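Novice: I grabbed these lines from TrEMBL:
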REGION    1-20  region 'Disordered'
TRANSMEM  61-78  transmembrane segment
TRANSMEM  90-109  transmembrane segment
TRANSMEM  144-166  transmembrane segment
TRANSMEM  173-191  transmembrane segment
TRANSMEM  225-244  transmembrane segment
TRANSMEM  256-278  transmembrane segment
TRANSMEM  307-329  transmembrane segment
TRANSMEM  349-369  transmembrane segment
TRANSMEM  381-400  transmembrane segment
TRANSMEM  438-455  transmembrane segment
DOMAIN    508-635  domain 'STAS'
Amino acid sequence: MADKFDNPGDESDIKRRPRTHKEELAASARKIAKDLPTFPARYLKALFPIISWLPRYQIEWLWGDFIAGVTVGLVAVPQSISYASKLANLPAQFGLYTSFIGVLLYALFATSKDVTIGPTGVLSLATGQAIATYVGTGTTADQVTFAATLAFWTGIIQLIVGLFRFGIIIDFVPIPVISGFTTGAGLQVIFSQLPALLGIKGVNTNNAPYQVLIDFFKAISGTSTYDAVFGFTSLAFILLIKYATDYAVKRRGITWLKYVGFLRNTIVVIIYTGISYALRNSKTVVFAIVKTIPYGLSGIKSPDFSLSYAPTVFQALPAIFIVSVLEHIAVVKTYGRVNGYTPNANQEIVAMGLANTFGSLIGAFPATGSFSRSAIKTASGVRSPLGSFVTGIVVVIGLFSLTTSLYYVPSAVLSAMVVASVAELVSKGKIAADLIKVEFLDFLGFFVGFIVTVFSSLENAIYASAGYSLLVLLFRIARPRVEILSRTVSGEWIDPESDEYADGESVPALDAESPEGIFVFKVEEALTYPNSGYILDFVKEAVIDRFRYTNTSVRKADKNWSDDTEARFNARQKEGLKPLPPLRAVVLDFSSVTNIDYTGFQILIDLKEDLGRYAGRTVPFHFAHVRRRHINTLLGVPQAGKNVNTSSATAAFEGGKKPSSFKLKFKKTAEEIADQEASADAALNYFHRTVDAAVRAANAETADVVFESGLTDV
């Protein structure tokens, strides 16, 4: 055998024993005790970010915040009205209530300068569908009460999640699934506005999108000419302003025109409201308008806090909570990344929870971060969260000064605004193509979110998307990649049978001098209870494929009735062309193992004892790249199976598990403690910094093992 594998390689071994679990607990307790006195102050400071950024506020930022706040406010007024009346199916003023209370409270607690909170297309549609499902044909007052109560409890749950720092739950839903859901939701919003765009009545827009489309074409003969004219021309006008100003800014360098593009909805509403007002006395030109919006806050409604009402609201609560949190955090992370700062997800959930909880007290429905208004805010040059205060003030001014003027806004124009606003939610086909190239399961997640949204309700799509994400996560944990490693001539350890070489790429030349009989494998995942059984079965099958069965000391009469290991080995041996070596040792590359639980630890002990029965002797286990915090957990593995009973097979290689050979004793003598420490110190010799060092040690330890060349039939 080559010299490079003849010696254990002490320079790579781990000699210093890591801290015990008791020592780690003591260290953690000391750290907690040290940090505890300052924790309340630090927590309160994190809860009120304005304490940190307001003292650093520069007067030069004021102009950017003012311009951005006013611009977004002018956009928010018509957009909020359209979302409330067209998607949430609530009186228009509640869109304004939701908009102004959200931005005012959000500014106090936000960690993002760019995000604008308020009504959004997807969340408003989800709220409208919840109202249709759980309130049905109730009065307008019933619908408003339900929406406000839903906002209140959504805010309470958000506060609990944010205050206790449970924001990690949002990471369980991946971007492709969210993209599929939002794409389907965007189409659902567009389809739901088609009847109002043409003035068609009698179409239930709360049905699944495909059904809405079918009903729309069935009822298309009932199109109102003037509603259709207002709807299509206003939609064309909005899109014309958008693309014309984009062209002028990007191609011609006329930067001030970007504000015209931002205010396109406001401009179109003003123009068409003027036309509507001019035609107010016409007997022949008939079309739908918004009509009365109460002055100021005279139309506010309160939630229903009674316990008897709660079960009805709680049925819709999970879907609304998931949509609001996912949409908000997606917006926050997007603009944080674009503008070079890192928002705090938990604090953002707190800010949103406060906005929803207090907003509900005046009748606001659920709110979240808006992509479109946040984009405008960023492009307008906002410098701090103070811009949200300005936006809130603009909306309040609108409530007290514009309600009379908004009476004549054509309903079809609001539908056109909704269609134009949510069109950007629809992902382009390139995204699906990219997902297929990167990961098929991600593409499937996109497809699931999209299809369920289009052919069912938003609520079902939310649950399907979240459920799919959880299943994929569990599948990836429960079925990790396990690589059987071989050494190349360049010294790299690779899996020659991996997918990396399945596309025709040649496998690097393997090192012919690597010692035979040493099985090296790597688990590409944490070793925990969901995947332990799979890893055990995978490794045992791999051993049967690669190593000779050498337990010749067990008589056939003593074998377990279910033990077909030898027969399976003999069958595979007949199919193979190359004689298989005996199993001498096992090396485990733990470079990708980030966590080990008790089940994973027990599986390693079971594997060691099972392989000992297969080999007819104790098979040493050597570890490479183990994180120091896991060494104490694994110290018992090298000591396991020292006395493998090869004279009987009461626990077969393929049979059931046996109890661990370690017993828990609460009281130990001094001698027992000393023996345990000495045994643990000896076990450290089985932990190495590199795979090469582990193989050298395994080779040296088993150098004197001699096997017969054939099997003995006893």
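Think of each number as a place in line: the chain as shown, counted from 1.
Quick reminder: no glycine exception, Cβ is built from N, Cα and C everywhere.
Let's see these features in context: how buried, what's close, how far.
Specialist: For the transmembrane segment (90-109), same-chain residues at least 6 beyond its ends with a Cβ under 8 Å from one of its own Cβ atoms are 47-50, 76-77, 79-84, 115-119, 128, 131, 140, 143-144, 147, 151, 290, 293-294, 297, 299-301, 347, 350-352, 354-356, 358-359, 362-367, 385-389, 391-392, 395-396, 398-399, 403, 406.
Listed as Cβ neighbours of the transmembrane segment (144-166) (distance under 8 Å, sequence separation of 6 or more from its ends, same chain) are residues 47, 88, 90-91, 94, 98, 127, 130-131, 134-135, 138, 301-305, 309-310, 312-314, 316-317, 320-321, 324-325, 346-361, 363-367.
Within its own chain, the transmembrane segment (173-191) has Cβ neighbours under 8 Å at 87, 121-122, 125, 205, 209, 212-213, 216, 322, 326-327, 330, 418-419, 422-427, 431, 435, 442-443, 445-454, 458, 461-462, 465-466, 468-469, 472, counting only residues six or more beyond its boundaries.
Nonlocal intrachain contacts for the transmembrane segment (225-244), taken as residues 6+ away from its ends with a CB within less than 8 angstroms of a stretch CB, comprise 196-199, 260-261, 264-265, 267-268, 271-272, 276, 285-288, 410-413, 415-417, 419-420.
Residues 115, 117, 120, 122-123, 126-127, 130, 133-134, 146, 149-150, 153-154, 157-158, 161, 167, 170, 173, 178, 182, 345, 348-349, 352, 356, 366-369, 371, 458-459, 462-463, 466 of the same chain, all 6+ positions outside the transmembrane segment (307-329), place their C-beta atoms under 8 angstroms from a C-beta of that stretch.
Tertiary proximity for the transmembrane segment (349-369) is limited to same-chain residues at least six positions away from its ends with a CB under 8 Å from its CB atoms, namely 47, 84, 88, 90, 94, 97-99, 101-102, 105-106, 108-111, 115-120, 123-124, 126-127, 144, 147-152, 154-163, 167, 297, 299-303, 320, 323-325, 327-332.
Long-range contacts of the transmembrane segment (381-400) within the same chain, counting only residues at least 6 positions beyond its ends with a Cβ under 8 Å from a Cβ of the stretch, are 49-50, 53, 57-58, 61-62, 64-70, 72-74, 76-77, 80, 93, 96-97, 99-101, 103-104, 106-107, 110, 112-114, 116-117, 295-297.
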Novice: Should anything in the same chain at least six residues away from the transmembrane segment (438-455) have a Cβ under 8 Å from its Cβ atoms, list it; otherwise answer none.
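Specialist: Sequence-distant neighbours of the transmembrane segment (438-455): 174, 176-185, 187-188, 208-210, 427, 431-432, 461, 464-465, 468-469, 472.
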